[in-house]
Amino acid sequence: MIIGVPKEIKIQEFRVGLTPAGVQGITAAGHSVYVQTAAGEGSGLSDVQYIAAGAKVLATAAEVYAIADMIVKVKEPLAAEFPLIKKNQILFTYFHFAASRELTEAMIASGAVCIAYETVELADHSLPLLTPMSEVAGRMAIQVGAFYLGKPQGGKGKLLGGVPGVKPANVLVLGGGVVGTQAAKMAAGLGANVTIMDTNLARLRYLDEVMPANVATQFSTSYAIQEALPTVDLVVGAVLLHGAKAPHLIKRDDLKKMTPGTVLVDVAVDQGGCIETCKPTTHENPIYEIDGIVHYCVANMPGAVPMTSTLALTQATLPYVHLIANLGWTEACIQNEALNKGLTIYDGKLFHAGVAATFNL
Ligand SMILES: NC(=O)C1=CN([C@@H]2O[C@H](COP(=O)(O)OP(=O)(O)OC[C@H]3O[C@@H](n4cnc5c(N)ncnc54)[C@H](O)[C@@H]3O)[C@@H](O)[C@H]2O)C=CC1
Ligand SMILES: CC(=O)C(=O)O
Ligand SMILES: [Mg+2]
């Protein structure tokens, strides 16, 4: 199979879909890899390294899309990339369809085979290709949240961990999955007073076992969230309904229940966000303020730490790239139920109930 790796064009996105190590294994298995020039530069991976590993380097994204049977990338295709996509071409990447009708309709119209990283799902319901980036984003959520709590950044001016004689800040984590767990660990490590809310009691039991003493768990209800808002300093939005649009757990009217300078980091923004006032932002312009509440809603947080993220992502995706390249997408999806769950669009039709429900398609 011919595999193409274009350079990401989303603003401040420095990850890449395959590393030279991945290329070496794929070419050794008898496949060809074409990489767009400088695709790996932001992750510290040079064209020379890709060529040494067996790839051929092409000058433009158009050439990569034109030659490839399968495109392996990181972020969803943007409008500038839509015309490059060929009928029956396999696109293996994050899509987050539920956040964009335009993308969903464009991919249906393209006739491409869209296998979405974020909905590849193992029998235990875990998401092996979302998990590594959720680990990154969860840890980052506390780093950025702590920064924006600073007064010069528009925050209320509180140190997460407090100091001897002064209480720590209150961190509320909505959703105790991968993002939420990593965020809670980081916040707890800095000494904050952390509460994790989730609707999954089994998950709360597990978190209660493994978390340090400054992390409390609480069943997530609208009532519990409302009660927490007046004293919260930093909220991390980390809920997910697999493939579907996130529920709004904090509404527009709730902002006035928080004190000015509270920081909201809605990591779930890529699935529409779990805070009603959340709109996708970029690393170039990551925050905005409504009613004195700071909103951070960057949809590709891991893109800011590509040296970590590219390795973490590609070590998870690579086995599936091999599977698709070796068997073709139909046989790979028949043999591998996890991959089959990621198969969202092919032959001009949509095959994901959550996305279909979101857009009434
Ligand atoms: N902005 C970014 O750069 C990134 C965003 N993400 C996004 O972060 C979100 C979370 O991802 P993961 O942690 O991997 O998902 P996950 O599936 O591991 O965890 C989600 C949790 O939300 C809980 N939940 C569902 N409804 C809830 C409710 N009403 N109240 C409280 N909890 C509820 C679930 O029980 C589950 O434990 C996803 O939308 C994912 O795409 C992930 C990586 C990067
Ligand atoms: C998961 C995702 O959207 C990201 O890593 O950008
Ligand atoms: Mg994202």
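The backbone N, Cα and C atoms fix where each Cβ goes, and this holds for glycine too.
According to TrEMBL:
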- HIS96: active site, proton donor/acceptor (ACT_SITE)
- ASP270: active site, proton donor/acceptor (ACT_SITE)
- ARG15, LYS75: substrate binding site (BINDING)
- SER134, ASP198, ARG203, SER220, VAL239, LEU240, VAL267, ALA268, VAL269, ASP270, VAL298, ALA299, ASN300, MET301: NAD(+) binding site (BINDING)
- 4-137: domain 'Alanine dehydrogenase/pyridine nucleotide transhydrogenase N-terminal' (DOMAIN)
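Where TrEMBL records a feature, it is marked here on the structure.
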residue	record	CB count, 10 Å
ARG15	substrate binding site	29
LYS75	substrate binding site	20
HIS96	active site, proton donor/acceptor	24
SER134	NAD(+) binding site	23
ARG203	NAD(+) binding site	17
VAL239	NAD(+) binding site	25
VAL267	NAD(+) binding site	33
VAL269	NAD(+) binding site	25
ASP270	active site, proton donor/acceptor	27
VAL298	NAD(+) binding site	27
Count the other Cβ atoms sitting within 10 Å of the Cβ of ASN300 (NAD(+) binding site), across every protein chain shown. 26
Among the recorded positions ARG15, ARG203, ASP270, ASN300, the ones with a Cβ under 6 Å from any atom of ligand 2 are ASP270, ASN300
Helix, strand and coil residue totals from DSSP for the domain 'Alanine dehydrogenase/pyridine nucleotide transhydrogenase N-terminal' (4-137) stand at 51 helix, 21 strand, 62 coil
Quick one: largest C-alpha distance among SER134, ASP198, ARG203, SER220, VAL239, LEU240, VAL267, ALA268, VAL269, ASP270, VAL298, ALA299, ASN300, MET301, binding NAD(+) per the record, in angstrom? 26
For the C-alpha pair, I'd like the distance in angstrom between VAL298 (NAD(+) binding site) and ASP270 (active site, proton donor/acceptor), rounded off. 8
Do me a favour and check the Cα-Cα span between VAL239 (NAD(+) binding site) and ARG15 (substrate binding site); whole Å is fine. 24
Alpha-carbon spacing, VAL267 (NAD(+) binding site) to HIS96 (active site, proton donor/acceptor), which is rounded to whole Å: 13
Listed recorded positions with Cβ under 6 Å from ligand 3, out of VAL239, VAL267, VAL269, ASP270, VAL298, ASN300: ASP270, ASN300
